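J.: This is the structure I have questions about; it appears just below.
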């Protein structure tokens, strides 16, 4: 096999890898020849998954870890460093938690819950893995974000905030750590068919609305996210960094395709059709001296529908 399309001899850490998208990512990376260490908060799920991978001949080990705990993160990275001789090629920050509520109902505990698991853990793991990734001579970080970090999505504002933060973190690290031979990218899935998303997919009205806005007309599968993650870790993707790629069946680009007016308005935040003077007022402003530092921007009349 062309070495550009192989991970043989490379090492990886996948957080939250015992089920769902994380499980699929482990299988994909292992299939390309990587040696992998997995962490998960559930010891039962982890042991079951490790047993399955052993039967398949994959080189996978694992540790129980609550990524929201700083001491446990540090202990995990010590284990990884020892196991892989101080070198790591791939970090996949996959763990994500969600509590869906209206913004006015979120509590301080809800905020801390999302930030510690979705943002702080990813940030700290990046810091801890930096010397190992640098030592490998070929490092790749993948943040599993969400379309909720790209567009407004009915999943809770705090969740969207945390997933958007991962996208920006990928951009920053891509620039800051390029000199160390480390790439950083994010993948942003739509709702994927995993145990975590079943409560949403069992909601008939939610699923109908979701699929009506997804051009491919179906829910994605975990291996459809995992295949992109694996590609971004391959030498074949060596010039791709700082990017966010949506794995969403086309949802985020479906700004306006023909549909009945009621369907159009259901996708428009203000729930009405715009007027010509609401566009012309912006055009006039952009021509004024007051807009003298605005240039090269694309202003979309349908912006409220597309966000």
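Every residue, even glycine, has its Cβ placed from backbone N, Cα and C.
Dumping what Swiss-Prot says about this protein:
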type	residues	note
BINDING	13-37	NADP(+) binding site
BINDING	146	substrate binding site
ACT_SITE	159	active site, proton acceptor
J.: Inside 10 Å of the Cβ of residue 37 (NADP(+) binding site), count up the other Cβ atoms and send me the figure.
T.: 23
J.: Looking only at C-alpha atoms, tell me how far residue 146 (substrate binding site) is from residue 159 (active site, proton acceptor), rounded to the nearest Å.
T.: 9
J.: Counting other CB atoms within 10 A of each CB, which of the recorded positions 13, 17, 33, 159 comes out lowest?
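T.: Comparing Cβ neighbours within 10 Å for the recorded positions 13, 17, 33, 159, 33 has the fewest.
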J.: Helix, strand or coil by DSSP: which one applies to the residue listed as 'substrate binding site'?
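T.: Coil, per DSSP.
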J.: Using a Cβ cut-off under 8 Å and a sequence separation of 6 or more, which residues in the same chain sit near residue 21 (NADP(+) binding site)?
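T.: Once residues fewer than 6 apart are set aside, residue 21 (NADP(+) binding site) is near 94, 144, 189, 192, 194, 222, 225, 226.
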J.: Quick one: pull the CA-CA distance for residue 13 (NADP(+) binding site) versus residue 159 (active site, proton acceptor), whole Å only.
T.: 23
J.: Who sits close to residue 25 (NADP(+) binding site): which same-chain residues at least 6 apart have their Cβ under 8 Å from its Cβ?
T.: 14, 17, 92, 94, 225, 226, 229, 230
